[in-house]
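Colleague: Encoded as structure tokens, here's the structure I'll be asking about.
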Amino acid sequence: MNDSTAAPESASATDDFDDLLEANRTYADTHDLAGFDGVAHAGIAIVTCMDSRIDPLGLLGLKLGDAKIFRNPGGRVTAAALEAMVLGVHLLNVQRILVVPHTRCAMTRYSEAELREVIGEKAGSNASWQGFHVIADQEAALTADVAAVRAHPLIPDTVAVGGFIYDVDTGLLDRRA
């Protein structure tokens, strides 16, 4: 019987997250952002991929607190990304929005059917129901994403919006839209 009121399983003595919790305690020893206001001090918002080769702040010469960052597979402007941009513009000092997908992105390598098959095989389960929003044409997707931000009725024309491809091998941005 599944009792939703049952207490959660307690963490094991050697928890899967012990190393991260220890690293967090070390981080907290020098944490000096108490009371930080949380607005984008440089007025920047970045929509980019979840790829761990991308350091959104570093690639623009920014520091913690300068930008609002929204990440997802492929760096696409989804409904959730648009929601974040609207909030950023109206509540968090965002004045410029960069949409930044990148070279050699896994989301550009597969068709939707191929990715569902790969994931299904790795998961040992049918993944045909899961959408992954692959990118058949990165250039066209970037152009459409930038247009979607510019056309959003809650993002004023005074907000600058640009589309860039980040080259994960050279570290350079290339303006495309």
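FYI, residue positions are counted from 1 along the chain as it appears here.
Placed from the backbone N, Cα and C atoms, the Cβ positions cover glycine too.
Okay, these came from TrEMBL:
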type: BINDING; residues: Cys49, Asp51, His102, Cys105; note: Zn(2+) binding site
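What's the neighbourhood like for these features in this structure?
Modeller: For His102 (Zn(2+) binding site), applying a Cβ distance below 8 Å and a minimum sequence separation of six or more within one chain yields Thr48, Cys49, Asp51, Arg53, Ile54, Gly75, Ile165, Tyr166, Asp167, Val168.
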Colleague: If you count CB neighbours within 10 Å, which one among the binding-site residues Cys49, Asp51, Cys105 has the smallest count?
Modeller: Asp51
